[in-house]
Amino acid sequence: MAQWRAVTLAMVVVVLCPSAAAAAYAAAGESNGVYLGSLLDQPILLPSSDLVANASRLLQQSIARCVESIYRSLDEVSLDRVGVIWREVRSRAIAPVLSVAVALCMVMSFMLVFEAAYMSAVSLGVKLLRRRPEKRYKWEPIEGDEEKGSLAFPMVLVQIPMYNEKEVYKLSIRAACALTWPPDRIIIQVLDDSTDPLIKDMVELECKAWASKQINIKYEVRSNRKGYKAGALKKGMEHYYAQQCDFVAIFDADFQPQSDFLMRTIPFLLHNPKIALVQARWEFVNYDVCLMTRIQKISLDYHFKVEQESGSSTYAFFGFNGTAGVWRMSAINEAGGWKDRTTVEDMDLAVRATLKGWKLLYDGDITVKSELPSTFKAYRHQQHRWTCGAANLFRKMAWNIAINKEVSLWKKLHVLYSFFFVRRVIAPLVTFTFYCIVIPISSLVPEVSIPIWGLFYIPTAITILNAIRNPRSLHIMPFWILFENVMSMLRMKAAIVGVLETASVNEWVVTEKVGDNNDEKADIAEIEPDPIECKERVYFPELGLAVFLLLCATYNLAYCIDYHYVYIYLQATAFIIVGFGLVGTLVSNS
C-alpha cells in the first residue's frame, strides 16, 4: 500500500509542478541571480537573481503544501474508504456466495470420500478373504483331447489396433505371436491406421516376417480413419475369418501380454457362459522414468486394485480399459458392436453389454506390460480424452440406463451414481473447485470458515486410501496430491465439455509412445530443445491460476488470517512448474 501511495503522490507532483511554478514566478519580486533547489535538494547553478530565489522558495512551499494535503487526504480518507468498501463488498456479496460454494464442496467431498472408502473396503475384503476370481467363478485349465486334438480349443482372434506406432509396433506383434495357443486356433490381426507410408511399410514387413514363420497373422488397413480405434476394431470384425472366432483379445500397440495370457483368461469365458469380458491388470515398463510416471502409477494402481476390483466383485461391472482384455464375440454382437459416438468406445461397450445382462470379470493376478505417457503433452491429451469421453457417455446413456429392465435397480443405481456421477463428474469438479478456487478465496474472506473435517480430514482420508494400495510410493504422495490438483483443472474442463457436448467433445489424439527409447534416458538431456516446442510447453491457464494463488497466499500471510498460505504457496508452485512444462520428459524421444 505504501508503494502504491508513493507512486500516486509522484504522479500528482508531476502534474502540479507546472502550475506551482507559474504561481511562484507571478508572486516573485525583482531578480538578481541565485540557484534553484530541485525536489532532490541538489542545486543547479543559475545566474544570480532575486526573482529566481523568490520563485524557488515559493515553489518549494507550494509543492510541500500540495504533497502534505494530498498525503493526508489519501491516508485518512481514500485508503480508509477503500478498506470500508472492500469489507462491505466482502461481507455482503462475496461471503454469502462463498458460503454456498463451501457447503456444496463439503457435500461433494463427502460423496467422494464415502465412495472411496466403500470401494477400498470391498477391495481390501477381497484381498484379505482371498476371494480370487477362481473361487467365485468356475475355472479349469483347457486340456487337449486325443480325439478332438486342437479342436478342444476355441477359435481366438487377437486384434492389435495401431496408428503410426513406429516405436512400439514390434513389441506388441512379437508378444501376440508368442501367445501359447494351437496355431490353427488363433488369428493375429494387425489393424494399421497409420498415415505415414514409411511406418505402414515397416508394419507390413513385420507381419510378413512372422507369417513366414507359420504364424497366422493378417495385416489389415482402411481407406480412412472413420471412428478412429472403434472404427478399426469394427472393421476388423467384419472379415470372414474374424466371424468364425469365439473370442477376441485386444491389445494396444504398446502392450506385451505374457505367453500364458490366453490360457489363463479363456477358461473363465469357456466355463461361465454369462461372462462377456475378462480384464487383466496393467503393469508399466517405464514407471521410473520421471516423477510424472511414478505419479501416474499411483493413480492407475488405485484404479485397477480398488475401482476395478470392487466393481467386479460386487456388481460384475466396471469400465473396460480398451486393451489387455478378452471379449466373447456373441456379447459384443448382442450389445450392438463397437460404436464411435464417444472417445471411450471401450467403456461404451462395457455399459451396453452390462445392460444386456452380461457379467464382466477383472482378474488382477493376470498382468500385461504397457507403457505410460512420459511427456506432459501426451499425458494431457490422454486425460482429456478419458475424462471428456466418460462424461459425454454419461450424458448419452443416463436415460437408457434408468429405464433398462434387464438389470436390477441396485445395479442401475451403482452405474448411474457411483460409476458415472461421482467418479466421472463430481471428482474432477470438486477437486478443482474446492482445492484451487474455494480454499484460496476463503483466505481473503475471514467471514467464511471451512470446517476442519472438510479442509483436513477428508483430503487426508482420500490420500490414505490411495496410499494403502501403494505403500512403496508413500514418499511421493505429497507430490501426487499437488499434481492431481493441477490436473483437475484440465479434467474439470474436459468433463464440462463432455457433459455439454461442445464442438471438441470427440477430439481424438493418439497417446505418443516411446518404446525401447526409454532405456536411452541419458541421451535426452543432450538433445537441443526446439524453440517452437519450448513455446508449446508453456500453459497459460495454469500460469494464470498460479498468479491468483500467489496473490491469495500473500494476502493471507500479510494479514495473518490463518495458515492456508502454506498449502496455497505449495499449490501455486506446482501450477508454475506445470505451467512452464517442467514435468515429464522435456524432449520427446520419437
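Cβ coordinates are placed from backbone N, Cα and C, and glycine is handled just like the others.
Model, not experiment: these values are computed from the prediction.
The signal peptide feature in TrEMBL is assigned to 1-22. Under the heading transmembrane segment, TrEMBL lists 93-126, 421-442, 448-468, 538-559, 565-587. According to TrEMBL, the domain 'Glycosyltransferase 2-like' annotation covers 248-459.
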* Going along the chain, which residues at least six beyond the ends of the transmembrane segment (421-442) come within the CB cut-off of under 8 Å? -> 94, 98, 101-102, 105, 108-109, 111-112, 115, 307, 387, 390-391, 394, 448-450, 455, 459, 484-485, 488-489, 491-492, 494-495, 499, 545, 548-549, 552-553, 564, 567-568, 571
* Residues from the same chain, set at least six apart from the ends of the transmembrane segment (538-559), whose C-beta lies under 8 A from its own -> 436, 440-441, 443-444, 486, 489, 565, 568-569, 571-573, 575-576, 578-581
* So what pLDDT does the domain 'Glycosyltransferase 2-like' (248-459) average out to? -> 96
